[in-house]
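K.L.:
What TrEMBL records for this protein is below:
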- 76-98: transmembrane segment (TRANSMEM)
- 139-166: transmembrane segment (TRANSMEM)
- 172-197: transmembrane segment (TRANSMEM)
- 209-232: transmembrane segment (TRANSMEM)
- 238-268: transmembrane segment (TRANSMEM)
- 299-322: transmembrane segment (TRANSMEM)
- 328-356: transmembrane segment (TRANSMEM)
- 368-387: transmembrane segment (TRANSMEM)
- 399-428: transmembrane segment (TRANSMEM)
Amino acid sequence: MGARLVAAKLEPKSFKHTHIDKPDCSGPPMDISNKASGEIKIAYTYSVSFKEDDKIRWASRWDYILESMPHTHIQWFSIMNSLVIVLFLSGMVAMIMLRTLHKDIARYNQMDSTEDAQEEFGWKLVHGDIFRPPRKGMLLSVFLGSGTQILIMTFVTLFFACLGFLSPANRGALMTCAVVLWVLLGTPAGYVAARFYKSFGGEKWKTNVLLTSFLCPGIVFADFFIMNLILWGEGSSAAIPFGTLVAILALWFCISVPLTFIGAYFGFKKNAIEHPVRTNQIPRQIPEQSFYTKPLPGIVMGGILPFGCIFIQLFFILNSIWSHQMYYMFGFLFLVFIILVITCSEATILLCYFHLCAEDYHWQWRSFLTSGFTAVYFLIYAIHYFFSKLQITGTASTILYFGYTMIMVLIFFLFTGTIGFFACFWFVTKIYSVVKVD
């Protein structure tokens, strides 16, 4: 009495029963000759035996699954690999920050006191344009709002999963936690979007709030809804019932949207972000750029390093989603998340510095797209995974795979892009606030 099942073990065996009516489960295995003809009777039997084990605690009943999975050494290898990339990048950034920037700033500030300060050069030249509002500032501010929402949501979800609040046994727990957090984090999204839109000199605040509330969530929901229609059409049990869809819509419209409006209200009420330098009336001419300081090569290069940190984890996550394997390594995932944030920031700051030295001051969109390009590599990897690891046949299944992958890619794009932008924003504000400008 009061016993609980903590584990089940199946052992298939074959016996040649002497009497099929009274199976005794003994004797040699049954064999069937390949020349056999006529009827062959096979008796299928099963027996159950219960074993009592006082040593297994209810909370740690999943450990036997973890012990049977030999992935952990690969995980450590991937973490070490990622850490090497991070150390390399941190070294580069530290070198730029301390040596080059320190020299630059000392030189710029010294030149003011000397007479021969005719010719300025490097990144100080663009001080009058560095905070010029970007083109399509509305869209950028909306992306930043949604990205902030996703960033905080991911951090809190993984943090809870690390502490063991979200059991790998309950597969839906992770998604439920993420969705609920996303709904409740409407306020930071509205606030960030409004603050940046205001600092970009935008006036259409109503459009800004509506786009923040509906653009990215709307794309995700539309994709999700189409996938669900396909599942309904196929008569699959994985289809989400209509009631649940209505509930998700209710959460979005009744909780998330009002919270976004509240956040935006406070964002617009505050004064615009103070920039350390004034913006000139007339935009400066950007000189001819060399190949590697042009926008596209920089953006393509910027995504490689963050992707290198996460691609081994991606393999396990995709396995967990598509091959129905347990994913339980939230500690590793949290570590990789932190490494990803650091790598995105550092890679973007590095490239931003090179572009400013080449007197190209359009850093806002570029910083967002540089780290956001990691999502494109994620998409390429997902396509490779589809063709090399999965045996999916049928149009519906293929559409489903790519439909859900596109949702993940969009979320990942907003998430990484936002990290890159904030890192660059901090960097640019920092370096222009310490240099003396006439």
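Here the Cβ of each residue, glycine as well, is placed from N, Cα and C on the backbone.
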K.L.:
Are the transmembrane segment (238-268) and the transmembrane segment (76-98) close enough to be called in contact, which here means at least 3 C-beta pairs under 8 A that are separated by 6 or more residues?
P.N.:
no
K.L.:
Ranking 76-98, 299-322, 368-387, 399-428 by the number of C-beta pairs under 8 Å to the transmembrane segment (139-166), which range is first?
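P.N.:
Counting Cβ pairs under 8 Å, the winner is 399-428.
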K.L.:
Applying the under-8 angstroms CB criterion, which one of 76-98, 209-232, 299-322, 368-387 scores highest with the transmembrane segment (172-197)?
P.N.:
209-232
K.L.:
State the residues, same chain only, that lie 6 or more residues beyond the ends of the transmembrane segment (209-232) and have a CB under 8 A from a CB inside it; answer 'none' if no residue qualifies.
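P.N.:
Same-chain contacts beyond the ends: 138-139, 141-143, 145-146, 186, 189-190, 193-194, 238-240, 245, 248-249, 252, 256-257, 260-261, 264, 396, 399-400, 403-404, 406-407, 410-411, 414.
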